[in-house]
Structure formats: C-alpha cells, structure tokens
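J.: Questions regarding the structure given below will be posed in turn.
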Amino acid sequence: MAVYGIVATVLVLLLLGDASDVEATGRIIGGSDQLIRNAPWQVSIQISARHECGGVIYSKEIIITAGHCLHERSVTLMKVRVGAQNHNYGGTLVPVAAYKVHEQFDSRFLHYDIAVLRLSTPLTFGLSTRAINLASTSPSGGTTVTVTGWGHTDNGALSDSLQKAQLQIIDRGECASQKFGYGADFVGEETICAASTDADACTGDSGGPLVASSQLVGIVSWGYRCADDNYPGVYADVAILRPWIVKAANAI
C-alpha cells in the first residue's frame, strides 16, 4: 500500500525510518470495473484540471473527502466531477465555492483526516448522481465493505474507469496491535482499518468512499504499501466523525 499523499511522507519516515517504498501514486489493487450508477455518490476532486482525490456526495451542495486532499490548497483551483464513469471526462464538472478541514487534522499522523467542501451550484440528482447516508455506528470487525476510486490499477497506470474492491473491516484494537505494522500511535480512535488479500486502495483513491450496506462507513485516508498483509488500509471512521460532518456541512 502506498502512502496516500505527500503529506504522509513524514509518517512513513517515523514509522519505518526508510521512505524507499513510498509511492507517489497508488492504486486499487485487485479491483474490477464499477459502474457509476452503482456508486452514484462517488466523485472525482480535480485540482489544477487533473484528478487529485475521490470524494463522496453528502447533499446537493456538500462533498465529503479526506482532509489531506484539500489542506492548504487554493479553492480557486478546485472542481468536482460528478456522475462520471471516468475521472477525466463525462458527467458534470462543478467549481468549488469553499471547503473546511477538521480543526484537529494532523498532517504529520493524518489523524482526523476529514473535510467537506461546498459546490458553487447545487447538483441535480439522477441515476448516476446521488447522495449516500452516513453510518451511525462503526462497522464491526469482519464486516464486508466496498471501496471505489480511480487510483492506479495493477499495471501501474491511472485507471480511466471507476474501480471497486471488496475488503473486510479489521477491529481497531487489532489493527493497532503488534499483529500489524503500525502501532497505537498511528491508528487513532477516529479511524477504522480494512484489508483483503490481493485487494487494496491507495493514493489516487484518497477521499473516496468505504461503503457497507449502502451506507458510508469510511473515507479513504492512508496506508503503507499496496495489499501488504502487514499494513491494512486506514480510513476515517464516518460514524465517529458524523457530528463534525453534519455541523461543518451546515456551517460552510
């Protein structure tokens, strides 16, 4: 699993003392094509006219994504592509009016890695563009979840078409234990972990949705290497962060 974004480089140096395995771009490993009408809440966040991160439709005006995707970036450079099978064409491209990153976001450890943005014009919902409900309880260990995004595929190239992969939730305590390679300092109380043999999500998928039973349970945050059994994917826990999401969405 690659580290999801340049902001996590310090984290890798602290964790392993060696940044040689850091990948500048990542991928959904072991994924398959996902029709946008089967994940109509998925969006592509574009910065300087290219895909930067995934995002999730919360309402006609609000998108949820990872904090590190927007942190200290200029809103004038941001647009969101919605209702598109491909990140680089189709659907509707909407400018961003404003965004808010969680006040406790930590770019060093990627704790509280959550943000919301407000679109300049409201979306029109349809088969390929729709909001998703937020989970009210954190998923238990062993829950099957689906992650989607346009990150690089197994051949190392950015995927033009939306991809999906099925994973299983790993209990937070287990993820932070010596069974895996992170430790308690890196797996915060506001995170959940998920993994599967030969399947994973990485950099280009940051900010995208982790879904169970048609509810948003997580936001792709960070990890190390791709589909490495010792390093599960780490996601912002939507149930834990739900009060902040609702408040920020109403205030922005």
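Cβ atoms are placed via backbone N, Cα and C, with glycine included.
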J.: According to the record in Swiss-Prot, which candidate from C175, C202 pairs with C193 in a disulphide?
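T.: Answer per Swiss-Prot: C175.
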J.: When you rank H68, D113, S206 by Cα distance to C53 (disulfide bond), which of the active-site residues ends up on top as the closest?
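T.: That would be S206, nearest by Cα distance.
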